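Below are the features I grabbed from Swiss-Prot:
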- 38-50: compositional bias 'Low complexity' (COMPBIAS)
- Cys185-Cys199: disulfide bond (DISULFID)
- Asn41: N-linked glycosylation site (CARBOHYD)
- Asn42: N-linked glycosylation site (CARBOHYD)
- Asn80: N-linked glycosylation site (CARBOHYD)
- Asn131: N-linked glycosylation site (CARBOHYD)
- 31-57: region 'Disordered' (REGION)
- 1-20: signal peptide (SIGNAL)
- 21-270: topological domain 'Extracellular' (TOPO_DOM)
- 352-527: topological domain 'Cytoplasmic' (TOPO_DOM)
- 271-291: transmembrane segment (TRANSMEM)
- 299-319: transmembrane segment (TRANSMEM)
- 331-351: transmembrane segment (TRANSMEM)
- 528-548: transmembrane segment (TRANSMEM)
Amino acid sequence: MKKTVKILLILITVFLKVHCNGGHDDEAADFLSHTNIDDPNNSSDPNKNSDQGDTMGEDEDRLVIDLFREYNFLIRPVKNVSSPPVVVDFGVAMILLINVDEKNQILQTNVWLTMKWNDFQLAWNPAEYGNISNLHVPSDRVWLPDIVLFNNADGNYEVSFKSNVFVDHHGDVTWVPPAMFKSSCRIDVEWFPFDEQCCTLVFGSWTYNSEEVRLHWYNNIQAVQLHDYSYSGIWDVIDVPGQLVHKPDLKENKMVFNVVIRRKTLFYTVILIIPTVLMAFLSVMAFYLPVDSGEKVSLTISLLLALVVFLLLVSKILPPTSNIPLMGKYLLLAFVLNITAVVGTVVIVNIYFRSALSHKMPTWVRKVFLEFLPHLLVMKRPERIPIFNGYFVEEYCASEIFDASLVMPSMTATMLPFLQVTTNLKAASSTSSGQSSEHHENCSKWKKRLSIRMSKRRAPRARLDDDSEDIIDDTNGNHVDSLQEKISKEMKTTVEAIAYIAEHMKREMSLKKMRDDWKYVAMVLDRLILLIFFGVTLGGTLGIICSAPHVFDFVDQEAIISKLNAKYLPSDMYS
């Protein structure tokens with residue numbers, strides 16, 4: 001019985017000792033488990049058996065236990081309510097510009113945030129702890145300023161990776177967490193694709209006002225740090241200034257960083273600008289295409305459809321803002337010019353196929369398009385030389401049209417007298433009735449030339465018989481009636497048929513001449529519109545594209561980064 005009581009007393013004593021000592025060391029033991037600092041009492045590493053290792057481990061273990069024995073990471077590190085605000089030195093270093101989503105107006109960046117503040121509870125005397133001057137502890141064990149990105153675009157306001165904090169013996173805490181932010185950025189598409197954007201990163205405390213937590217520049221660097229920046233293949237960084245905004249009346253304190261970037265235009269120049277410019281000038285060449293090819297309207301409509309595709313492409317890239325992008329303006333100009341080209345082509349085709357039977361050419365059209373504009377456009381029209389039975393004649397004369405030498409060079413000598421009789425009869429009839437029988441001023445000249453040509457081509461004709469000579473001699477005077485009676489019915493029919501054929505050919509040549517006039521009007525109009533469209537297209541191309549402020553600027557990204565580092569970084573950091 002006595003032995004049982006002694007055993008119970010011993011167990012109660014052990015239980016009380018364990019309970020009292022265990023509660024005291026719970027917090028330190030839990031912290032050690034997170035900081036990877038081994039408990040010297042439970043160490044299984046044989047290397048820790050050395051004197052130096054034991055001393056270091058014991059000092060660090062003791063330091064951690066002493067620092068966090070009564071430390072509360074939920075309380076702002078101030079001694080009392082009336083103490084000054086906690087000053088947080090804040091800085092941003094941009095590592096990579098990942099993407100600029102123009103459609104959704106989002107800037108995606110990879111940055112390193114730098115925050116430094118003083119926590120008086122984490123100060124110690126290094127001499128008391130084996131000259132240990134700093135510690136690396138988990139960030140969830142110390143108080144952290146709740147600084148977030150205000151203009152966040154994806155709902156993730158905090159950093160994704162909570163790195164360790166660096167604590168020195170003065171109580172200064174430095175935290176450098178990496179973060180990948182998606183921030184809202186107002187995209188100005190007015191000069192696309194030669195655009196320059198200014199995106200902002202706004203940081204501040206989410207719950208503390210300026211009387212509780214106040215932001216200052218880290219190392220007095222009033223800009224985004226670029227010393228570890230990796231160049232982007234799409235955008236060039238132009239400037240990265242920062243601004244500290246402090247509004248005492250609103251107790252507001254925040255930092256605004258402006259990231260000025262400029263687009264690299266080579267990709268869009270090759271993919272978008274050059275094809276659009278070529279299509280615009282190709283629509284001009286539609287007016288150089290002959291109407292007879294039948295492809296003028298098809299070419300202009302095909303180009304119109306291609307421009308519609310490019311317009312849809314630009315609309316899918318850019319956001320639907322109130323500003324019209326530069327490329328949109330040029331595509332709109334090319335679109336309007338192409339529609340005008342379709343209308344002009346239809347009008348030209350309509351004019352080209354007009355004839356004297358359907359349209360009568362007005363006098364002003366003849367003067368403007370056949371006389372004035374050809375000289376102005378340096379267009380020389382070929383001489384109108386109709387072809388009649390293989391011989392070149394400038395114009396037809398009423399008297400010579402029935403001459404057998406002009407109509408049928410191979411006609412036999414027997415029929416020639418009768419044709420000459422008919423010609424002389426018409427001439428005599430015109431003279432007797434008081435009508436003018438004067439020929440065109442060139443008729444005699446052409447008649448003489450044709451007589452020479454005809455004499456070289458045909459053999460000497462047989463002499464006319466006596467009856468024929470008598471008929472020819474008797475055509476003058478009062479023997480007209482008697483001579484007509486001697487002509488046989490067959491000869492009359494032949495002469496009338498030849499006269500009808502000649503008259504029909506004369507009429508066809510006259511109609512052809514009028515059709516050629518309409519065709520020439522269409523050619524002049526084609527040339528006029530071609531020059532106008534070429535001038536408008538060239539002027540519009542140069543005027544719209546060259547109006548961009550940075551179209552001819554060359555950006556040396558390495559030189560700009562070096563210049564910005566020299567401008568914003570302290571001399572000791574830059575060197």
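Placed from the backbone N, Cα and C atoms, the Cβ positions cover glycine too.
Help me understand the surroundings of these features in the structure.
Spatially close to Cys199 (disulfide bond) yet at least six residues away along the chain are Val100, Leu107, Ser183, Cys185, Arg186, Asn258, Val259, Ile261, judged by Cβ distances under 8 angstroms.
Spatially close to Asn80 (N-linked glycosylation site) yet at least six residues away along the chain is no residue at all, judged by Cβ distances under 8 angstroms.
Asn131 (N-linked glycosylation site) has a Cβ environment of 10 other Cβ atoms inside 10 Å.
Remote same-chain residues near the transmembrane segment (299-319) are listed as 102-105, 187, 189, 192, 272, 275-276, 279, 282-283, 286, 289, 325, 327-328, 331-332, 334-335, 338-339, 341-342, 345 (criterion: CB distance under 8 Å, separation of at least six residues from the stretch ends).
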Based on DSSP, name the secondary structure state of Asn131 (N-linked glycosylation site): helix, strand or coil.
coil
Determine the mean pLDDT over the topological domain 'Cytoplasmic' (352-527), rounding to the nearest whole number.
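Averaged over the topological domain 'Cytoplasmic' (352-527), per-residue pLDDT gives 62.
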Take the transmembrane segment (528-548) and find every residue of the same chain, 6 or more past its ends, with a Cβ under 8 Å from one of its Cβ atoms.
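Here the qualifying positions are 191, 194, 273, 277, 280-281, 283-285, 287-288, 326, 329-330, 333-334, 337, 340-341, 344, 348, 373, 377.
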